[in-house]
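In TrEMBL this protein carries:
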ACT_SITE  ASP248  active site
BINDING   HIS16, LEU17, ARG18, ASN42, HIS137, LEU220, HIS252, ALA264  substrate binding site
BINDING   LYS100, HIS137, HIS175  Zn(2+) 2 binding site
DOMAIN    12-311  domain 'Amidohydrolase-related'
MOD_RES   LYS100  N6-carboxylysine
Amino acid sequence: MTTELTIRRPDDWHLHLRDGAMLEGVIGDTSRHFARAIIMPNLVPPVVTTADAAAYRDRILAALPEGDRFEPLMTLYLTEHTDPDDVEAGYESGLIRAVKLYPAGATTNSHGGVRDMDKAMPVLERMAKIGLTLCVHGEVTTPDVDIFDREAVFIETVLDPLRARLPELRVTMEHVTTKNGVDYIKSAKANLAGSITTHHLIINRNAILVGGIKPHYYCLPVAKREEHRLALRAAATSGDGRFFLGTDSAPHVDPLKECACGCAGIYTSINTMSCLAHVFEEERALDKLEAFASLNGPAWYGLPANAETIRLVRRAQPAAFPAKIETGAGPVTVFDPMFPLHWDVA
Ligand code: NCD
Ligand code: ZN
């Protein structure tokens, strides 16, 4: 049995760090293991201009624990009024690594997102021209579509038509949760990749609904049926360069999760590498973990893989992660994979 594994230092290609006291409380859990992360722009108010992104980047760097080296890769929140020239200037300066499409109403702080894709076309056309990636929250929000079908319907009615209209546009389908998403990415000839979260490799929708309602397993896109989880595991552990890690670690304080209208989001930054090593070991694919967590993402985003390495060790005694972390904003419950975590970063 393999009990040690050294891989290039991983990156997180989809992360929510929030701001203020929450940012200060969570950033160390990412910078401990990860060298870089794509930072989601859904703050209140959102990060919509290059100037907003530059200021947010400074706040992130100021919150880093002493001695940690971590590079936040900044994104812009796409609105119907985003200025293509500002996007291009941000990209050319090296600050902006992607633009994020939230269909209006799809998830946390997405009300300022896009309602009418036609209004976003000038920015998207500019991005296609300069080679800037669009990160997509791939869900429709129309009330007649079942929440478990939102991703599949988005692919058919929004994403595929957009890619036909603008084949040069590079698109990351973020947090893919369905077999439909996996198959769609695999069928694309170019310019499409997908990130997969830690938790969607581990839970299916039963985790949220069986034996009582479990708000700490609720996130968006919501976890789907078991067949979808299995398709995600196959994709993540295949070594296929189009699939890589984006944890979508999304902290909310417990009172906002444990209430009559709880927020979507699961906090996994602290134990992601332990969870992933467990999953890849179960799939007899530990040799593919480095591709998923450390190589495929940088290749897609045109960055070098990290030179440093981390060492994962399988211990007889499971690692003891806290059930909650305390932040200045309040307590945040840590993702419980419902199995003991023998792997840990040494
Ligand atoms: C995210 C958040 O809380 O910001 N929540 C989530 O469930 N993933 C938003 C998102 O990425 O959808
Ligand atoms: Zn997210």
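Note: Cβ is positioned from N, Cα and C throughout, glycine not excepted.
A quick note: this is a predicted structure, and the numbers were derived from the prediction, not measured.
Structural mapping of features recorded in TrEMBL.
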{"residue": "HIS16", "record": "substrate binding site", "DSSP class": "coil"}
{"residue": "ASN42", "record": "substrate binding site", "DSSP class": "coil"}
{"residue": "LYS100", "record": "Zn(2+) 2 binding site", "DSSP class": "strand"}
{"residue": "HIS175", "record": "Zn(2+) 2 binding site", "DSSP class": "coil"}
{"residue": "LEU220", "record": "substrate binding site", "DSSP class": "coil"}
{"residue": "ASP248", "record": "active site", "DSSP class": "coil"}
{"residue": "ALA264", "record": "substrate binding site", "DSSP class": "coil"}
Q: For the domain 'Amidohydrolase-related' (12-311), would you mind checking the mean pLDDT of the predicted model?
A: 98
**Q.** Residues near ARG18 (substrate binding site) in space but at least six apart in sequence (CB under 8 A)
**A.** VAL26, LEU43, PRO251, ALA329
**Q.** From LYS100, HIS175, ASP248, the recorded positions whose CA lies within 10 Å of that of HIS137 (substrate binding site)
**A.** LYS100, HIS175
Q.
Running a distance check here. Ligand 1 versus the binding-site residues HIS16, ASN42, LYS100, ALA264: which have CB less than 6 Å from one of its atoms?
A. HIS16, ASN42, ALA264
Q. Do you know offhand how many angstrom separate LYS100 (Zn(2+) 2 binding site) and ASN42 (substrate binding site) by C-alpha?
A. 9
Q | Long-range Cβ environment of HIS16 (substrate binding site), under 8 Å and at least 6 residues apart | A | ILE39, MET40, ASN42, ASP248, SER249, ALA250, PRO251, GLY265
Q: Measure from the CA atom of LEU17 (substrate binding site) to the CA atom of HIS175 (Zn(2+) 2 binding site) and give the result in Å, rounded to a whole number.
A: 16
Q) What count of other C-beta atoms do you get within 10 angstroms of the C-beta of HIS252 (substrate binding site), across all chains shown? A) 26
(Q) List every residue in the same chain as LEU220 (substrate binding site), at least 6 positions away in sequence, whose Cβ is under 8 Å from its Cβ. (A) ALA106, THR107, THR108, HIS137, GLU139, ALA264, GLY265
**Q.** Distance-selected recorded positions near ligand 2 (C-beta under 6 Å), from LEU17, ASN42, LYS100, LEU220, ASP248, ALA264
**A.** ASP248
**Q.** Fewest other C-beta atoms within 10 angstroms, as judged across LEU17, ALA264, which are the binding-site residues
**A.** ALA264
**Q.** Non-site residues, in chain order, whose CB comes within 8 A of the mean position of the CB atoms of LYS100, HIS137, HIS175 at Zn(2+) 2
**A.** HIS14, MET40, LEU101, TYR102, THR107, CYS135, VAL136, GLY138, GLU174, ASP248
